[in-house]
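J.: Next up is a structure, given as structure tokens.
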Amino acid sequence: MTALTESSTSKFVKINEKGFSDFNIHYNEAGNGETVIMLHGGGPGAGGWSNYYRNVGPFVDAGYRVILKDSPGFNKSDAVVMDEQRGLVNARAVKGLMDALDIDRAHLVGNSMGGATALNFALEYPDRIGKLILMGPGGLGPSMFAPMPMEGIKLLFKLYAEPSYETLKQMLQVFLYDQSLITEELLQGRWEAIQRQPEHLKNFLISAQKAPLSTWDVTARLGEIKAKTFITWGRDDRFVPLDHGLKLLWNIDDARLHVFSKCGHWAQWEHADEFNRLVIDFLRHA
């Protein structure tokens, strides 16, 4: 397996797109071949590398150019307050990144907020997307079975508003099914990321007031998506309800759904080996 590190793959690029002028986006890049852009979730301290370091090596070895993008207002990318729903604004930033790097088309892999970003990109820029891979994406409105917002989202906003090590631990306990994966190394790494950028936390809450989660819902437009789509979900997800996966399956013309048992909101991390195998097979053969 290719040995990669965060520092050896770390890069910056300035993007110019609606709402972004000479805006610094940080990303990690490795490999050659068709481009796969991986989009992280929206929890405090999230970033491309921390979300996908268990996936980048196998995808590079499979012959792909992999880009792990820090979304605007996260990790090492510039700070921002958003006046529109975050999935749409983030999708514009993905286009800006692709334009700056001369990438005509890319496959998108999106988890949670990153899934909402990928959905919006597929809707706004259908000629620029290859295949679409979603893991528990946000932006799909109410649930048939679960009260909204779910337990994990409530903890996420609590952590944004009152960041503490204990609240972070509580959120990760809801985030992951397998509690043995919540190591001191994982907790400390995420806590350090949260403390590094206090402005990002404040701006996220301001943005959420301007464009709350209810504005993210793109369910009515899912039928417009023409990209081949692979949906994955954790059966035990306590952030985004499993029935949202059925919404996607019912409404996207060319879609398939895989549900991982004993899995929370981070399928690509909790079940990395199986996730990598399934998605690489989808990219190669679907």
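Heads up, residue numbers simply count up from 1 along the chain you see.
Glycine is no exception: its Cβ is also placed from the backbone N, Cα and C atoms.
The following feature annotations were taken from Swiss-Prot:
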BINDING   G42, G43, N51, N111, S180, R190, W266  substrate binding site
SITE      S112  site 'Transition state stabilizer'
ACT_SITE  H265  active site, proton acceptor
J.: Compare all C-alpha positions of G42, G43, N51, N111, S180, R190, W266, the record's substrate binders, and send over the largest distance in angstrom.
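T.: Result: 23 Å between the two most distant Cα atoms.
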J.: Give me the CA-CA distance between H265 (active site, proton acceptor) and S112 (site 'Transition state stabilizer'), in Å, as a whole number.
T.: 8
J.: Specify the count of other C-beta atoms within 10 Å of the C-beta of G42 (substrate binding site).
T.: 24
J.: Return the single residue from the recorded positions list (N51, N111, S112, S180) that has the minimum number of other CB atoms within 10 Å.
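T.: It is S180 that, of the recorded positions N51, N111, S112, S180, has the fewest other Cβ atoms within 10 Å.
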J.: Show which residues of the chain containing G43 (substrate binding site), separated from it by at least 6 in sequence, have their CB under 8 Å from its CB.
T.: S112, L156, L159, M171, F175
J.: DSSP on S112 (site 'Transition state stabilizer'), three-state: which is it?
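T.: In three-state terms, S112 (site 'Transition state stabilizer') counts as coil.
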J.: Using a 10 Å radius around its CB, how many other CB atoms surround W266 (substrate binding site)?
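T.: Excluding its own Cβ, the number within 10 Å is 26.
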J.: Ten-angstrom check, please: count other Cβ atoms within 10 Å of the Cβ of H265 (active site, proton acceptor), all chains counted.
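T.: Taking every protein chain into account, the count is 26.
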J.: Measure from the Cβ of R190 (substrate binding site) and count the other Cβ atoms within 10 Å, all protein chains considered.
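T.: For R190 (substrate binding site), the 10 Å Cβ neighbour count is 22.
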J.: Provide the three-state secondary structure of S180 (substrate binding site) computed with DSSP.
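T.: Note: S180 (substrate binding site) is helical by DSSP.
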J.: Kindly assign W266 (substrate binding site) to one of the three DSSP-derived states: helix, strand or coil.
T.: coil
